[in-house]
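Noted in TrEMBL for the protein shown:
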type     : residues : note
REGION   : 1-21     : region 'Disordered'
TRANSMEM : 70-89    : transmembrane segment
TRANSMEM : 96-114   : transmembrane segment
TRANSMEM : 126-150  : transmembrane segment
TRANSMEM : 162-184  : transmembrane segment
TRANSMEM : 190-207  : transmembrane segment
TRANSMEM : 274-294  : transmembrane segment
TRANSMEM : 306-328  : transmembrane segment
TRANSMEM : 394-418  : transmembrane segment
TRANSMEM : 430-454  : transmembrane segment
Amino acid sequence: MAVTEDLKEQEETSPRPEEEKQKPQLWKWSVIFLCLYGFMAQLKPGDSFITPLLLSLEKNFTREEVTNEITPVLSYSYMVVLVPVFLLTDYLRYKPVLILQSLSHISVWLILLLGTSLLEMQFMEFFYGITMAARVAYSSYIFSLVAPSLYQQVASYSRTSVLLGVFTSSALGQLCVSVGEVSYGTLSKISLGFVIFGFALTLFLPWPKRSLFFNRKLQGPEEASPAEMDQMNRDCPQPTAAKTVSAWRNSVFFQMLKELLNVVRLPQLQVWSLWWIFNTAGYYLMVYYVHVLWNEVYPTSENKHVYNGGVDAASTLLGALASFAAGYVKIRWSLWSELVIGIVTALQAGLLIVMSTTSNIWVCYVTSALFRSAYQFLVPIATFQIASSLTKELCALVFGVNTFLATILKTIITIIIADKRGLALAVHPQFFVYSGYFALLAVIYFGAAANVIIKHFRNEKPATLNQNGDIELCSTMMVANDAEKLTIGKV
C-alpha cells in the first residue's frame, strides 16, 4: 500500500506533458513580475537619510528625541503587528498584505514630507514597523506560484531582486546627495514617487489560489504535491473523539504547533534557533541606531558630505558576498556550530566596542559594514541548519516563532536601554551596552562549544579502543538515531 501511495504521489507531483506546454510561461512571467515588484519596493533613496532629515534644520528634532522617543516606536510597532500580519498573510493569500505594505510605505514618506510634530514622527515609525512585518508576505508569496521542485530556484531569484533593490536604492540616494546635491526633503519626494509606483504594481500581482496553512484545500491535484504534513495526517489513524473537536484544532496550523513541541528537541535546531533569537535582536538594535551614532560622530548640520547611502550600499554588497561565501563552508556543523557562532559573535562584540569609542566617522562606517556582513554570513547557514530537518510548512512556523521571540527580546532591551521611560541612554553608551551583550553571548557560545567538543572526543576514545566490531554497531545505531531525528515532522 505504501508503494502504491508513493507512486500516486509521484504521478501527482510530476507535471503532465500538456501542462508543461501550457503553464511554464505563466509561472515564469508571474515570478518575473513579483521579482520586479520586490526590486521596486526597495527603491527608497531617502531611506538611508531619514535620521539626517529628522536632525536637520528642516525638521529640527533633537538627538535625544530621535534616540529616546522616535526610534524606539519602530521596535514596539514591529512586535505588535508581526503575529497578526504573519497570520493574515497566509489567510488572505499574500496579495492584500503586500498592498498594505505599499500603503504603509506611502504613509511613511507622506508623514516625513508633511509632518512636523513628535507624535507624527512616531506614527511614521509605526507605519515603518508595518512595512517590516509585511516582508514575510513577499518572501512566502513566491512559493504559491510554482511547484515545490522549483522552490530553491525561485527563492534565490526573489532574494537577489531584494538585495539588488536595496543596493540600487542606497547607491542612488548617495549619488543624489553627493553629486546632485539634492536636499533631504527632495529625496523624500523621490522616494514617495517610487513607493507609489510600487503600490501600482501590487494591484496587478496575480492572486494565489493557495497558501501554506489556511488555504491548502484550494490546491488541486495537478498543482504542487501534497505536503508531508497532510500525508502524516492521512496515515495516522484519527480517534473518534476528534470529530467533536472544533475545526481549527484539526487544522494544519494547529497540528504543526503540536509538532513544533517535538522538533525543538533537535540539537542543531536548538543551537541555531537560539542564535537567530539572541543575535538577530542585537543586530537590529545596531541597525536601528547606527545612523544616530554616525550623526553624533559626524553631525550632518555641520558637514556637507554625508555617506550614509554609500555605506548602506557597501554593507548590502558585502552582506551578499558573505552569504554567498557561507554556502561553500563545508565543516561538521554538529560539532563546530557553537565554536563558529562564538567566533563570529566575539568579532561583532569587538566591532561594537570600536564603534562606541571611536570619533572617526570612517572607522564607524567600516566597522558597521563588517558587523552587518558577519551577521549575513551566518544567516544562510542558520537557515539551512534549521530547515534541513523540517517540512516547508513547519519551517515557516519555526522561523516565525524565532523572529517573534527575537522581536520581543529586542523590544525589552529597547525599553530598558533606549526609551525615555527606561535608562534613556545616549547613543554611544547604548553601543557600549550592545557590545557587552554580544560579548556575553560569545562567552556562552564558547562555553557550549567547549562542552560539545570535549564530549565528542571523550565518546570517540572508547570507540577507537574497541576492536570487536562494536564500533560498527555503534555507528549503525547513531545513523539510525539521526535518521529517526530527521524524520520528526515527516512521514
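Cβ coordinates are placed from backbone N, Cα and C, and glycine is handled just like the others.
Just so it is clear, the model here is predicted, and its values are computed rather than measured.
Three or more CB pairs closer than 8 A are found between the transmembrane segment (126-150) and the transmembrane segment (70-89), so contact between the two stretches is assigned (pairs 6 or more residues apart). Contact between the transmembrane segment (430-454) and the transmembrane segment (306-328) is not supported, since fewer than 3 Cβ pairs fall under 8 Å when only residues 6 or more apart in sequence are counted.
When Cβ-Cβ distances below 8 Å are used as the criterion, the transmembrane segment (306-328) is approached by residues 45, 47-49, 51-52, 163, 166-167, 170-175, 177-178, 291, 294, 298, 300, 365, 368-370, 372-381 of the same chain, each at least six residues removed from its ends. Of the two recorded stretches, the transmembrane segment (96-114) does not lie close to the transmembrane segment (274-294), with fewer than three CB pairs under 8 Å once pairs fewer than 6 apart in sequence are set aside.
Proximity of distant same-chain residues to the transmembrane segment (70-89), defined by a Cβ-Cβ separation under 8 Å and at least 6 residues beyond the stretch ends, is recorded for 54, 61, 96-97, 100, 118, 121-122, 125-130, 132-134, 136-137, 140, 211, 284, 288-289, 292, 400, 403-404, 407-408, 410-411, 414-415, 418-419.
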